[in-house]
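Take this structure first; my questions come after.
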Amino acid sequence: MSPTEKRNLILAFESSCDETSVAVIEDGHKILSNIVATQIKSHQRFGGVVPEVASRHHIEEVTLCIKDALDEAKVGYEDLDAVAVTYGPGLVGALLIGVTAAKTVAFAHNLPLIPVNHMAGHIYAARYVEPIEFPALALLVSGGHTELVYMPAENQFEIIGETRDDAAGEAYDKVGRVMGVNYPAGKTVDEWAHQGKDTFKFPRAMEKDDNFDFSFSGLKSAFINTTHHADQIGETLSKQDLSASFQQAVVDVLAEKTKHALADYPVHQLILAGGVAANQGLRERLERDLQSNPTTHLVKAPLKLCGDNAAMIGAFAYVAYQHGVFADATLNADPSLEFDWAADSVK
Amino acid sequence: MKILAIDTSNRPLSVAVLDDATVLAAITVTVHQKHAEYLLPEIERLLAMAELKPTDLDRVVVAAGPGSYTGIRIAVTTAKTLAATLNIDMVAVSSLATLAANVPVEGALVAPIFDARNQNAFAGLYRIKNGVPTAVIADTHTDVADFLAAVNKYGEPVWFLGDAANFSDLIATTISAATPAISPWLNLPQVATIGLLGQKLTPVSDVDRFVPNYLRLTQAEAEWRAKNPEEDTESYVEKI
């Protein structure tokens, strides 16, 4: 970029669940600021996210996050090129705070407004590692979603497989609760898993089926039955071995399905993203699997950008900006927003 | 002083733009309750008609609750973001007082009521003093019968507004004094009125920390506080 060329600056908002976040992103790949106010401590009182409580926290934080994001980036409204916001999927009341605030800022300063799908944002956290090369495949794993997304070209997303019941992160939280771990349980279960062994051999659901869908409810039930039975006969099971067995089953299913998908969809990059992408067991397994793959290399979303944040929203917003994808002042939250299914998928 | 006033506390959406004591444009809509979708376009339209830009605004006046939780959050998020981003004043008015302001009768007792289901309501009792609704019974979330019994103790005619028609039988049997019949128009917020009143009110000192007046804890929070009475409830959100 020549010094005379103006940099593109996007003010991005994210409020789909329990984090209020505002970021300033330069040219889609440089984070000037990424303010994240997390409500985890609040929801831990209740053992999980309470939607009305989440909405109430977002409205407390949102304008402070805007100010901090601009201050830290050392830019003013006059420097901005656009405002971007997550408009779904997520909790409707939570989404509405970010959407309303972003729309209002865009209106007040006469800036274009870019609507961003939260899942596209998660994928574009990988943009902070390296440019995305197409075609690409993304394994998106979070508390609310588990899906394989094929990207034939920039700004094109097609679901080729998704969970039929629980999301992987949801299953982590549920088995965590059984072992006395508060939400979000992923990190602790991951740590215990590394100290234990897969002794319980829980079922791997749909691993061999001829599709790219996932299922974790059977695994969760097997886990609960095992611990329940042990409780009844007064036996104490190793949390480390339980965690290792659970995690091994989750990772096997995710990795096997991804391997099948890569066989049908040859791509340059496999992108691992979403909150559960921070899981060390999953990261290590995919690294190993991809070592022997001559054509596809693994791009893992940076650990600190796996959870919800506005920097990832700004990264994809830059792509949308180039493609002229804008919303007007009627933009609403869409809690069940999702990518289209691939036309030739074996759903 | 250029003022924008907004209320989306319940089904009606009401927006007005004023220049000092002159109402430039005002609108109240009841045909839908899609405030997230329609509030900002209506503000855009009204400002355009008034030939004003957002940056021309000096003050935003908002009906800040009680009401529908989502509704009051949309109005307050819009108001506080406008105030913060344009560095202008924000004035918050009770959504019940906003309705009470519809009664232009000096000295009148006015009881705005929002139906909160199961014989509960958000309600308050106001006296119109020098043209301004002044709280006599503070806004509360209450059993409707209890509220009406408290109102009846004043032994004066009372103007019932808002969703009062939902409780007309109870009002008829509880209130012994007169209850003047009113135009249905007065049951809807007309925010030009709080736009006028809001010019004289003190702006909110900390816009960033301002939250709607829900008048109710969430169920989860209430249960948690009952079990943990000594815990500080202020520091549950942290920057990471």
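Using N, Cα and C of the backbone, Cβ positions are placed for all residues, glycine too.
No curator has checked TrEMBL annotations; they are predicted automatically.
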Among A:Asp264, A:Asp289, A:Asp308, indicate the single residue that TrEMBL lists for the Fe cation site containing A:His118, A:His122.
A:Asp308
Using only what TrEMBL says about substrate binding by A:Leu140, A:Val141, A:Ser142, A:Gly143, A:Gly144, A:Gly186, A:Asp190, A:Asn279, identify which of A:Asp173, A:Asp209 is listed for that site too.
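Among A:Asp173, A:Asp209, only A:Asp173 appears alongside A:Leu140, A:Val141, A:Ser142, A:Gly143, A:Gly144, A:Gly186, A:Asp190, A:Asn279 as substrate-binding in TrEMBL.
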Helix, strand or coil at A:Asp308 (Fe cation binding site), per DSSP?
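DSSP assigns A:Asp308 (Fe cation binding site) to coil.
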Looking only at A:Leu140, A:Val141, A:Ser142, A:Gly143, A:Gly144, A:Asp173, A:Gly186, A:Asp190, A:Asn279, which the record lists for substrate, tell me the maximum pairwise CA distance in angstrom.
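Greatest Cα separation within the listed binding residues comes to 18 Å.
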